[in-house]
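Copied from Swiss-Prot, the annotated features are:
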MOD_RES   SER138  phosphoserine
MOD_RES   SER174  phosphoserine
REGION    181-208  region 'Necessary for degradation by the proteasome'
MOD_RES   SER210  phosphoserine
MOD_RES   SER248  phosphoserine
DOMAIN    313-410  domain 'RRM 1'
DOMAIN    432-513  domain 'RRM 2'
BINDING   CYS517, CYS520, CYS539, CYS542  Zn(2+) 1 binding site
BINDING   CYS529, CYS534, HIS547, HIS555  Zn(2+) 2 binding site
Amino acid sequence: MAFPLKDDLGRAKDCWGCSSDTPALSTCSNADIFRRINAMLDNSLDFTGVCTTPNTKGKCEHLQDYPDTEGAAASRMLFSTSHEPLPRGLPDTNDLCLGLQSLSLTGWDRPWSTQDSEAGGQSSTPTAAQSVFSMLNSPMGKPSPLGFLPLDPIGSDLVEKYPTHLLRSSRFDSRSILDSRSSSPSDSDTSGFSSGSDHLSDLISSLRISPPLPFLPLGSGISRDPLRLGVGSRLDQDHAALAAATASPLGITKRWPGTSVWPSWDLLDSADDPFSIEREARLHRQAAAVNEATCTWSGQLPPRNYKNPVYSCKVFLGGVPWDITETGLINTFRVFGALSVEWPGKDGKHPRCPPKGNMPKGYVYLVFESEKSVRALLQACTQDLLSQDGLSEHYFKMSSRRMRCKEVQVIPWVLADSNFVRSPSQRLDPSKTVFVGALHGMLNAEALASIMNDLFGGVVYAGIDTDKHKYPIGSGRVTFNNQRSYLKAVSAAFVEIKTAKFTKKVQIDPYLEDSVCQVCNAQPGPFFCRDQVCFKYFCRSCWHWQHSMEILRHHRPLMRNQKSRDSS
């Protein structure tokens, strides 16, 4: 059954109110597509009032019957970014939306209209032919005739109208709306047209329509005009509805737009090496060896005046003969008391056997059972007093099978050198504490505090990390009384210390504590990013998520040294 367009006098009318003698709507570029659509609908459409051949001789002058109101002008500017009124007259078919968006989304021709209450009591669905005719018989800017079924506004019941996989997009794209299928029941009047076959969808997608509705960035400082304000506010509500209706946040993030600066959770699922963070953290501990110092301290270390010092039971033995054995060491030093030997190993560990076929690295550690044994050993050593610094070096002569009377250096540790407090009443704040690594063995807590105070100021405490025998392990902590000094020290990162006896480059990092992840606040946060852009604790997943961004990939993680935690 055909549905001709007739006026009150029985004459065929086009959609602009013109007689059939002068076709008002030139659809020549889409004529073939309209004919094929009509054929698929069993010729239920009548295009009597629609031009199918080019016509440039005349234009409809009956537009003056409908005065240009502000709403009418705005309706013609639906996709225009300019505020200037369009010239009066018939627009080109490429500029007209032709209502084709209504095939996939109701209310496209009136997106800014508030029709919620208007359409609340009506539930009937227009037929396929009526949908096409409404697009031709209701010009934009012309009031709808009485009895016209109000269309739903954009965004109403989106969750019900569109499949879930289309809604899981972080950006409300008009292209996805046009490409989506209707959710009308299969037995409804519009099911065959709206859902249709793939061939029909291809025909509709071939039609030339105007550009999609431009979206204003949310949260931007650009003010919206009254026309766009309605659209934007409705879209803002739709964004909130979509976020609430989406079952899994993971589905949203996996479909994040490619232009977003935020990373995708897909990177978490495809981590090549789950222990890459630990490896980078271990490498960072030796960063002082490959990085240049940002500042240098040179001077004289504070003098040491000990009264009845107490020593660690562990001593360092440097310059030992290369062919020395553990048996030879025990036989040489057991005259001072019972002892054991710790050989240097990888990662600062000290196994109880010589490495690689009894070949030592030139130094070992002796661990006596009593502190009195250390005192006896030092009394048997020769001392070289170091002028000005008040330091003294201890040397002991020993022999091996191939070396006779070899002098080895004995370096003890005074327990009082492990901590230095400048202000006993000052509360120590871990958030203003730095970790100092790669310390020289001659640096005690007082010397470390003096150097850091000269460089950054505000030092209230310095401590040297020790093992279970209370012997230093080459790292320390410094606490400041203000945030500025703390940040200056962290920013310095690498400091070179020059004295008359040694030159050493130390490494400064934030002091780490046991903390929860400061991103998700759910998992433990063993990884810390020292870059000022982040400067927080992360769990493994949150670290990969944040640092998968290209601008943050160069950040290196920090981890607490398990050995220092157990020993100090």
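Every residue gets a Cβ built from N, Cα and C, even glycine.
It should be emphasised that the depicted structure is a prediction, and the values quoted were computed from it without experimental measurement.
According to DSSP, CYS542 (Zn(2+) 1 binding site) sits within a helical segment. The domain 'RRM 2' (432-513): residue composition by secondary structure is 23 helix, 35 strand, 24 coil, according to DSSP. Just so you know, of the binding-site residues HIS547, HIS555, the Cβ with the fewest other Cβ atoms around it within 10 Å is the one at HIS555.
Each residue contributes its Cα atom, and for CYS517 (Zn(2+) 1 binding site) and CYS534 (Zn(2+) 2 binding site) these two points are 12 Å apart. Each residue contributes its Cα atom, and for CYS520 (Zn(2+) 1 binding site) and CYS529 (Zn(2+) 2 binding site) those atoms are 15 Å apart. According to its DSSP assignment, CYS520 (Zn(2+) 1 binding site) is coil.
The Cβ centroid of CYS529, CYS534, HIS547, HIS555 marks the Zn(2+) 2 site; residues of that chain outside this set whose Cβ lies within 8 Å of it are ASP531, VAL533, PHE538, TRP543, GLN546, LEU552, ARG556, PRO557, given in sequence order. Each of the binding-site residues CYS517, CYS520, CYS534, CYS539, CYS542 was scored by other CB atoms within 10 A of its CB, and the lowest score goes to CYS520. Within 8 Å of the Cβ centroid of the Zn(2+) 1 site, not counting the listed residues CYS517, CYS520, CYS539, CYS542, the chain contributes VAL516, GLN518, VAL519, ASN521, ALA522, GLN523, GLY525, TYR537, PHE538, ARG540, SER541, TRP543. Confidence in the domain 'RRM 1' (313-410), given as mean pLDDT, stands at 84. DSSP assigns CYS529 (Zn(2+) 2 binding site) to a strand in the three-state reduction.
For the pair formed by CYS534 (Zn(2+) 2 binding site) and CYS542 (Zn(2+) 1 binding site), distance between Cα atoms is given as 12 Å, rounded to the nearest Å. Taken residue by residue with DSSP, HIS555 (Zn(2+) 2 binding site) is part of neither helix nor strand, so it is coil. Annotation for CYS529 (Zn(2+) 2 binding site): same-chain Cβ neighbours under 8 Å, separated by at least 6 residues, are PHE535, LYS536, PHE538, TRP543, HIS547, HIS555, ARG556, PRO557, LEU558.
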